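Contents: one structure, followed by commentary.
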Amino acid sequence: MTPNEFFSIKYHILAKAELKAYIDKLADYLSQQSYLYHTLDKPIISDSDYDKLFRLLQDLVNDNPQFKPINSVLDRVGGEVLAGFETIKHKKKMTSLANVFSLEELRDFYDKIEYDIELECEPKMDGLAISIFYKNGKFDYAVTRGDGIQGEKVSENVKTIRNVPLKLNTSNPPEELEVRGEIILDKQSFLSLNEYMQTHENKTFANPRNAAAGSIRMLDSKVVAKRPLKLYSYGIGYFSKDFVYPETQFELMQLLQSFGFTISDNMFLAKNFSEVEEYHHKMSHQRADLAYDIDGLVFKVNNIKLQDTIGYTARGPKWAIAYKFPAEEVESEVLNVEFQVGRTGAITPVARLKPVAVGGVIVSNATLHNINEIKRKDIRVGDRVIVRRAGDVIPEVVKSLPQYRKSDAQIVEMPTNCPVCDSKIENVNDQAIYRCTGGWHCQAQTTERLKHFVSRKAMDIDKLGAKLIEQLVAANLIKYPADIYKLNFEQLTGLERMAAKSSQNVLDSITKSKEPSLARFIFAIGIKDIGEVSSDALANHFGSLESFRDAKFEELIEINYIGEIIANNIVSFWHDSLNIKIVEEFLAIGIKIQNPVKVEHAYNESFTGKTVVITGSFENYGRTELTQLLKSIGAKVTSSVSKKTDMVICGDNAGSKLTKAQELGVEVILEDNLKDLL
């Protein structure tokens, strides 16, 4: 059955036997959806529909308690544990909070407590719930929520998260302490990760929550370590008798922060319900501007003794409640599908939608990612679809609703020619991305390439914005990057909304950009798949534009961050006569590229020319500081121990790298001896 079919049944007129069967079927359906969402991270219904069905089941069981299903979603949290990780039983059950969906319901929760209370208020992070166990102040293991009773042991992955303390910041740690929190990926990191995934693996994550959950469930912790996950702590689970529990929830959060955990910047202590309403109003309006996704707000009774008095249900605490924001997923209709052309020629399908409000914004366009996604989701022109603002930023079509499909719905096909310049569209190596072959002859690519060229991390021409670039291209005043440096005052003031002062500011900004670093210039010229990090690596390796132009494939693939695909892109770039002409025009008009300064390494008998691995934490050095220090005296610092490793510098909590060094007979240097050697 579908959600709509459940809603369409007139359950209030069913006979008792039929009603019981309906309740059982609804409970089974929700259990299956919970499994798909919590365990497999592959939901097939919207959050809004799940919440409505859950409330329907609650209402039916409240009215007919004799029909309450055994072991249903009303009694437990999440789903079953995936195979592939060791399962561990939680020392204290990981419950979840009851939900409310309006201020009126939130007021009811407040009034039922029957005390004059303070509420600790915080955002409800949309990530992966985790429980981290500490023994005598040191990280022991980490477990996912799982089904609330037991979860997956993901210790090695969690330890890679930079803001997870491996040692509690206290001289008197409790014997045992279980800290709970949410692992998230912020919006900007999610977008960057998806760009990388699209380029290197031809797939993307649907949203930041799926990206965080998928990362933590990876078997290779080295891959996880490259993803900028963060932990936000929200409380504790099990604790030993020697733990001195604070008197309030707010003080507990401050204590966790003092231990080294990150807590939300948006926590607030409300002294009455009026302040609760103010907090709700503030966070509802600030939600879109937060760096991370939240799907609601959490309100907890602040007094710990009062929490104990109020108690728990089988599902979770009665002293806390989650207010869930209105659904960010709504239905709309696909009016048409158009194809946009990006900087590298990538053709992206965009759905033109019947305008609909999503998260306070009127959405009429949504990305369809690529033609493979359209086919996988079976999206057609004329379909009713679910629309979501992914990451609260980019509207996307989540899925079609084929049960409402019209007979004249049109299948979407990839065009054979560019919709802008009519050049041929190619699909290289059978990847999901199709590209226009027009290059600089395609106005869409030209415009996007020029926007990239002037961007902050490239040439940083800050007064030359995207809209002005579009105006200049449309007026045929610029076509190639060097044309920007030929613009004059009269040309700029002749454009719409360009007064004398604005025009002069643009010219000053252009002049200021004429001495870029080599790394900025490499990034600015827009070689496919070359990002900021790759540009730095190339600039530092070659030292000059001339050397970079003469780069050979065999040399390129030996450089950090440069694989075979990027190396091929670089070689192809310099084999294109138009690219060479564009770069030569820069030099002809007086662009002075600043080559990186070569740092001469000081000689050190112990470290120069040696391959070194750093492990553990140090009292007198930060890891980054120590790495830079070793490099400055000629050492090669690597991340893993092998037969080629000359020495391992070992701090506290060294772990497996120390063990491997000892097995291989690699020299181990402790911090106490390090200062003498340096």
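A Cβ is built for glycine as well, from the same backbone N, Cα and C atoms used for every other residue.
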*Among ARG145, ARG162, ARG352, which is the one Swiss-Prot gives for the NAD(+) site where ASP47, SER48, ASP49, TYR50, ASP51, SER96, LEU97, GLU122, GLU182, LYS300, LYS324 also bind?*
ARG145
*Can you pick which of CYS442, CYS650 Swiss-Prot lists for the same Zn(2+) site as CYS418, CYS421, CYS436?*
CYS442
*Taking the Cβ of CYS421 (Zn(2+) binding site) as the centre, count every other Cβ atom within 10 Å, in any protein chain shown.*
18
*Look up ASP49 (NAD(+) binding site) in the DSSP assignment and report helix, strand or coil.*
helix
*Could you tell me which of these binding-site residues, LEU97, CYS418, CYS436, CYS442, has the greatest number of Cβ atoms within 10 Å of its own Cβ?*
CYS436
*Look up CYS436 (Zn(2+) binding site) in the DSSP assignment and report helix, strand or coil.*
strand
*Looking only at the domain 'BRCT' (602-678), report the model's average pLDDT.*
78
*Hey, what's the Cβ neighbour count for ASP51 (NAD(+) binding site) at 10 Å?*
14
*Given the binding-site residues ASP47, ASP49, which one's Cβ is surrounded by the fewest other Cβ atoms within 10 Å?*
ASP47
*So which other residues, same chain and not among CYS418, CYS421, CYS436, CYS442, have a Cβ within 8 Å of the centroid of the Cβ atoms at the Zn(2+) site?*
VAL341, GLY345, ASN417, PRO419, VAL420, ASP422, SER423, ILE425, THR437, GLY438, HIS441, GLN443, ALA444, GLN445
